[in-house]
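Quick look at what TrEMBL lists:
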- GLY22, LYS23, GLY24, GLY25, VAL26, GLY27, LYS28, SER29: ATP binding site (BINDING)
- CYS196, CYS199: [4Fe-4S] cluster binding site (BINDING)
Amino acid sequence: MGENNSGGNLAQVRHVVLVLSGKGGVGKSTLTTELALALRHAGKKVGILDVDLCGPSIPRMLSVGRPDVHQCDGGWVPVYTDSSKSLALMSIGFMLENPDDAVVWRGPKKNALIGQFVSDVAWGELDVLLVDTPPGTSDEHLSVVENLRKHRLDGAVLVTTPQAVSTGDVRREITFCKKVGVPILGIVENMSGFVCPHCSECSNIFSKGGGEELAKITGSPFLGCVPLDPLLSSSLEGGGDFMKMFPESAAFSAITNILLQGKTLTCLRMLS
């Protein structure tokens with residue numbers, strides 16, 4: 001399937017943002033999902049491209065199951081999570097015959113699929129496309145960057161947890177971004193404290209401040225902290241819309257502030 005205009009299927013996408021981390025298990029997919037929902041509730045049209053080939057979890061988080069992926073003249077039609085078509089999703093999870101199947105592919109096959117995902121999904125008009133990536137700095141990341149650069153790429157939001165073992169890996173991800181010329185839009189410290197489900201007090205069970213310190217050391221914008229919130233966890237497990245269900249929660253405030261902080265810094269122009 002070829003591109004039918006100068007910008008291809010991304011021609012009507014205003015902003016493209018990668019969500020990266022050098023460490024697995026820090027909550028990239030969670031943050032991608034909640035940022036997308038927050039943007040949708042702000043009246044924006046949002047897309048998520050889930051290229052975490054070995055762990056595609058966003059379809060479950062958005063409770064879309066495993067629908068058939070259809071094709072149109074422009075390419076693959078993304079799966080819409082609502083009747084208003086304000087949140088679109090494309091994921092490797094839709095391509096697997098069995099959700100328990102492992103993706104045991106060598107690099108060239110992975111890179112070819114990523115190239116198709118970038119160029120052959122008919123997104124239509126979007127305010128922002130969030131790209132959820134696997135952890136690390138592998139072939140998949142190079143393929144994503146190279147393919148998106150042909151169209152447009154605003155930059156990357158990096159996700160870390162407070163501990164040094166995580167910030168060390170994310171620091172290498174920052175080096176990767178600088179080497180390949182991807183602007184760093186900001187760093188988010190996820191799992192920054194635990195919100196008690198009974199009294200709502202936030203306790204720093206891991207540590208706190210690692211992400212903010214990393215931002216200072218590397219000269220990167222710091223977008224904010226998101227705590228561990230049992231309400232968020234249960235919402236994701238059930239495929240619920242956390243941003244709609246729990247507007248009084250600490251995690252809701254944190255995610256909303258990240259968007260506002262990004263707008264204030266003029267580095268994350270998704271609300272413009």
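Each residue, glycine too, has its Cβ placed from N, Cα and C.
Note: TrEMBL annotation is automatic and uncurated.
All protein chains considered, the CB of GLY25 (ATP binding site) has 11 other CB atoms within 10 Å. Fewest Cβ neighbours within 10 Å among the binding-site residues LYS23, GLY24, VAL26, GLY27, SER29: this applies to GLY24. Taking the binding-site residues CYS196, CYS199 in turn and counting surrounding C-beta atoms within 10 angstroms, the largest count is reached at CYS196. Neighbour density at the Cβ, taken as the number of other Cβ atoms within 10 Å, is lowest among the binding-site residues GLY22, LYS28 for GLY22. For CYS196 ([4Fe-4S] cluster binding site), the nearest of the binding-site residues LYS23, GLY27, LYS28 in terms of C-alpha separation is GLY27. Rounded to a whole value, the Cα-Cα separation of GLY22 (ATP binding site) and CYS199 ([4Fe-4S] cluster binding site) is 34 Å. Taking the centroid of the Cβ atoms of GLY22, LYS23, GLY24, GLY25, VAL26, GLY27, LYS28, SER29 as the ATP site, the other same-chain residues with Cβ within 8 Å of it are SER21, PRO135, VAL159, THR161, SER166, ASN190. Counting only the Cα atoms, the space from GLY24 (ATP binding site) to CYS199 ([4Fe-4S] cluster binding site) is about 30 angstrom. When the Cα atoms are compared, LYS23 (ATP binding site) and CYS199 ([4Fe-4S] cluster binding site) turn out to be 31 Å apart. Cα spacing between CYS199 ([4Fe-4S] cluster binding site) and VAL26 (ATP binding site): 25 Å, rounded to the nearest whole number.
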